[in-house]
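> Can you keep this structure in mind? I'll have questions shortly.
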Amino acid sequence: SSSPAPRNIPLLPGSPRRLSPQAGARGGQGPKHGQQCLRMPSPRAPGLQSSSSRDPGQPCGGESARSISVINNYLDANEPVPSEARLSRMHFHDNQRKVDYVLAYHYRKRGAHLAQGSLGHSLAVISNGEMGKEPHAGGPGDIELGPLDALEEERKEQREEFEHNLMEAGLELEKDLENKSQGSIFVRIHAPWQVLAREAEFLKIKVPTKKMYEIKAGGSIAKKFSVVLQKLSSPLQPRVPEHSNNKMKNLSYPFSREKMYLYNVQEKDTFFDNATRSRIVHEILKRTACTRANNTMGINSLIANNVYEAAYPLHDGEYDSPEDGMNDRKLLYQEWARYGVFYKFQPIDLIRKYFGEKIGLYFAWLGLYTSFLIPSSVIGVIVFLYGCATIEEDIPSREMCNQQNAFTMCPLCDKSCDYWNLSSACGTARASHLFDNPATVFFSIFMALWATMFLENWKRLQMRLGYFWDLTGIEEEEEHSRPEYETRVREKMLKESNKSAVQKLDTNTTECDDEDDEDKLTWKDRFPGYLMNFASILFMIALTFSIVFGVIVYRITTAAALSLNKATRSNVRVTVTATAVIINLVVILILDEIYGAVAKWLTKIEVPKTEQTFEERLILKAFLLKFVNAYSPIFYVAFFKGRFVGRPGSYVYVFDGYRMEECAPGGCLMELCIQLSIIMLGKQLIQNNIFEIGVPYLKKLFRKLKDETEAGETDSAHSKHPEQWDLDYSLEPYTGLTPEYMEMIIQFGFVTLFVASFPLAPVFALLNNVIEVRLDAKKFVTELRRPDAVRTKDIGIWFDILSGIGKFSVISNAFVIAITSDFIPRLVYQYSYSHNGTLHGFVNHTLSFFNVSQLKEGTQPENSQFDQEVQFCRFKDYREPPWAPNPYEFSKQYWFVLSARLAFVIIFQNLVMFLSVLVDWMIPDIPTDISDQIKKEKSLLVDFFLKEEHEKLKLMDEPVLRSPAGGDRSRSRAASSAPSGQSQPGSVMSSGSQHTNV
C-alpha cells in the first residue's frame, strides 16, 4: 500500500504560489516520516567501501554535501528485476503504487569514459540519485566523473529542487539511475490517497455518491419509440460496458473529506479513475514552483526551458498486445479506432472517461455533424438527379445546342481568335444545367435551415452530455500564467527596477500576487506585438489576393498562348480551368501550413497571459488566414470573374494585348462547381492521407531511428520488454484539438457557403468524415501520448465561428443564385418578356449585337476561316444594338434584371434568416427531460443529504444511549472522522442499494 504522505505540506490550496529561496536550503534535509529510500542490492567487489555508499537503513539524503534529496525509490537499472516480481508495467517497482504521471528528461555526462564491461558491477547510490563509480580491487582510488557543463548542471539542480517540491506537496516519486554517459530518465509520480482527496476537494471534482436513481423516459409514446429505435440500432452499438445500461445514474456531488459517508469508497486505489488521478497530478505539477529557475511556475515553464523534455500520463497498457488483459485503451481500439467498425456509433462515454471531457465533446460534435450530413447528402443527390433528369427538357441549353440558330459569337481574343458558333459550347451549357436549375434554390434554403438545426441540436446534445457527465455547474478552473508571459513580466521588472529592488523582489516572492501594478503587462507593453499582428495579417491577406491575381494572369496568358495553336484551340477553356484549379489547390495546401505557423508566431508575440487566451487568439488568427486562403479563388470565380470584361470594341486589358477573362457561354456556375469540387476533394484527400497519416508516420520512423542510434548502452532485456513509460515516450506528443476542429470548420464552409453551385458537397463531406472519425480515433489511441484530461462545458469559440459561417452562408448563397447563376434572368424573361410564358427565345434575348466594322484596328481576326462573311457578331450582355440612338449602352433589360437580382438577395436573405430564427425559437436549447431531471436531481440530493446526516447522528447517539463500550466509542469516532476515508457500514447498508424512480 502507499506510504503515508508528509504531514507538513506547504503547497496546500490557498497557500502562496511561489516558494521562497529558502526552499533550496531545506532540500538538504532527509525525507520526513514515512518516506522511504529503497535501493535494489548492487553487487560490489568484496571488502570495498565508498564514501558514496550508504547503509540501506539510513535515511536518504541525510548528510548529502550539496544535493537535494527528492526521490523515494532509487533503482539500479542494471539489476534486472525478476519477471515474476513485475506484475504490471503501470506501477512502481513495488507493484503496489500506481504510476499516475511521468516526467522525462535527457541527461548527458562529460568526463572520464567508463571502461567496457564494468558497467553495472560496481554501482552505488548517493543521496541525489546519481550513480557513483567505485574503484576495482587494487585500483588507485575513486574515478571521478568529469564536471557537467554549466547549463546541464543548472538544469540538474532545477530538477532536483522541483522534484523535492513535488514530494513536499505529498507526491511520491521513483526514477532510475543516471548510470550511462547519456540517455533518457523517467521520473514516475504516484499520488497517494491523502493527496488525491485533498486535491479533489480543492478542484471541486464531482464524484458519484451511493445514491442511484432511474432515469425515466418522457411519455409512453416516446418510451416505446426509444425502445424500438434501440432494438433497430443494436447492431450499430459498440460493445462497451458504458452502453449497456444508461437508465441508472448516480447522484454526483463535489468531493469533500468532511462528507466521506456520502460516497461509496470501497477501494481507495480505484475510487478515482486513471484520467482523474493524472488530472490531479497535472494540477499539482502546474502550480509547483522552482526558485532556482527564476521562480518559474509549473512544469510547462520547465519544459519550455528544456529542464524536462516531456510530461505525460500513461496509457492503460498496450492496445494490440494479446498477453495483457482487457483495458480501456484496447477496448477503444477494438470498438472505435479501427476502420472495420466505421458503421458503429462512437462510445462517447468511454472516450470521455479515457481522454477527458474536452476530447469527448470534440468527438461527440464530429459524430453529430457527420450524422447530420446524411439527410443533406440525400437531398443533394436528389437535386443533382433532378438536374440530370430534366437536362433534355431545358429549353435554353437546347437552343444553344441547335445548330440551325447559328449564333455567330465575337472572337474570344484579339487577332488569333476567330468568330465561332454558340452551338460549339453545347456541352458546357448542358453540364451547367445539372447545377443551375430551380431545385438548387430550394436546396440553398434547406441548407441554411440545416445549419441552424445542426447548431441547435448540438446545443441540446451538449446539455445532455453535460448532465450525464456532471458538467452542470462546474466552475472555471484557475488559469496559470504561461511561461512566456512570466518571462516577459520578469524582463519588464528587471528593466524598471535597480539591482537592490530585484534582490528585494527575490526575497519576497510570496507577495507576487499582491503586486498587481508591476506583475502584469499593460497595453503599452503589448502595443508593438499588436502592431506587428495587424501589419502581418494584412500582409498575409494581400499575399493571398496577389497569388489569386497571379493565377488569373496565368489563365489569361495561357488561354492566349493556346489559342495561337490550331491543335490546342478547341480545348483551351478545359485545359486552362483544370490547370489553374490544381495550381490553386497546391498553393492553398502550402499556404495552409505556412499560415498555421505564422498565426502561432503572431500569437506568441502578443504574449497572452493564460493558455485559454492564447488558444482563442491563435484560433481566430489561424481561421481568418485559412478562410481567406481557402475561399478567395472560389469567391473570385463566383462574384468577380466576367464582371469587368468590357465589350467588343472596348475591352478591359490586364496587360498590353491580354484581355480580362470571360465566363463560359453557359455562365460561371459550372466553373465555380469545378473549382469548389477539386479544392474540396483535393484538400481532404491530401490533408488526410499525407499530412495526417504520412507525416506522423515519418516522424515516428525518424524518432525510432534516432532512438536506435542512441541505444548503444541499453541492455537487450530492457529493449525486449520495454516499460509503458518507454512505449508512451516514443509516441507523438499531443498538441491540441485546433488542427482537427480547423479542418472540419473549413469543410463546414465548403458544405454551406457555396452549396447552391455544388449540391454534392455534403456527399463528399460525409464520405470524408466517415474515414476522418476513425482516422482521428486511431491517432488518439495508437499514435499520440495520452492527453491530460480537461474538463470543459462546451466547444468554446468554435461554436461562435460555426454560427458565423452559418449566417454568412445565407448571404453568399443568395448572391450565388442572384449573380452567378442564370436563375433570375430566366425568371425575368419568362414572366416579363416571353410571348408564351416559356423560355423559348431566352438565349437570343441575353445576346447583344456588335458591328464588326467597329472593332479596333489590329484586333480583328487574322485569316478568318469562318464559313460566311460576318457583319454582326453576338456577345453575352444586355446592351443596346448598333442601330439604337445610344449604341452599346446598358439596355432597360439590364437594369430590370439587376433590380430583380438585388430584390431576390434581400427577400432570400430575410426569408431564410426569419426561418432560421423560427427554428431556433421552436427548438429549446435545453431538452425538456434534461431540465426536469436536473431539477429533480437537486431535490433528490437534498433528501439524500438529510437522510445520511440522520443516519450519522443516529450512529453517534447510540453510544450515549447504551453503556459506553469501547467498540461503540470506536464506531462513533469512525462515523464522525471525515478525513479517515472509511465508509461506515451502517450507512452503506441503509442506502447503498436503494434506487429511486424519477
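Glycine residues also receive a Cβ, built from the backbone N, Cα and C atoms like all the rest.
Pasting the feature list from TrEMBL:
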{"type": "COMPBIAS", "residues": "10-21", "note": "compositional bias 'Low complexity'"}
{"type": "COMPBIAS", "residues": "962-987", "note": "compositional bias 'Low complexity'"}
{"type": "COMPBIAS", "residues": "988-998", "note": "compositional bias 'Polar residues'"}
{"type": "DOMAIN", "residues": "92-348", "note": "domain 'Anoctamin dimerisation'"}
{"type": "DOMAIN", "residues": "351-937", "note": "domain 'Anoctamin transmembrane'"}
{"type": "REGION", "residues": "1-65", "note": "region 'Disordered'"}
{"type": "REGION", "residues": "957-998", "note": "region 'Disordered'"}
{"type": "TRANSMEM", "residues": "362-386", "note": "transmembrane segment"}
{"type": "TRANSMEM", "residues": "439-455", "note": "transmembrane segment"}
{"type": "TRANSMEM", "residues": "530-554", "note": "transmembrane segment"}
{"type": "TRANSMEM", "residues": "574-598", "note": "transmembrane segment"}
{"type": "TRANSMEM", "residues": "618-639", "note": "transmembrane segment"}
{"type": "TRANSMEM", "residues": "744-767", "note": "transmembrane segment"}
{"type": "TRANSMEM", "residues": "902-923", "note": "transmembrane segment"}
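I'm curious about the neighbourhood of these features; can you describe it?
The list of residues near the transmembrane segment (574-598) in space but at least 6 beyond its ends in sequence, with Cβ under 8 angstroms from a Cβ of it, reads 536, 540, 543-544, 547-548, 551, 554-555, 558-559, 562, 568, 622, 625-626, 629-630, 633, 671, 674-675, 678-679, 682-683, 686-687, 739.
Beyond its flanks by at least six residues, the transmembrane segment (618-639) meets 533, 537, 540-541, 544-545, 548, 551-552, 581, 584, 588, 591-592, 595-596, 598-600, 602-603, 668, 671-672, 675-676, 679, 683, 738, 741-742, 745-746, 749-750, 753-754, 757, 797-798, 801, 812, 815-816, 819-820 of its own chain at Cβ-Cβ distances under 8 Å.
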> Across the whole of the domain 'Anoctamin dimerisation' (92-348), what does the mean pLDDT come to? Round it, please.
75
> So, taking each listed stretch (439-455, 530-554, 744-767) in turn and counting its Cβ pairs to the transmembrane segment (902-923) that are under 8 angstroms, which one gives the highest count?
439-455
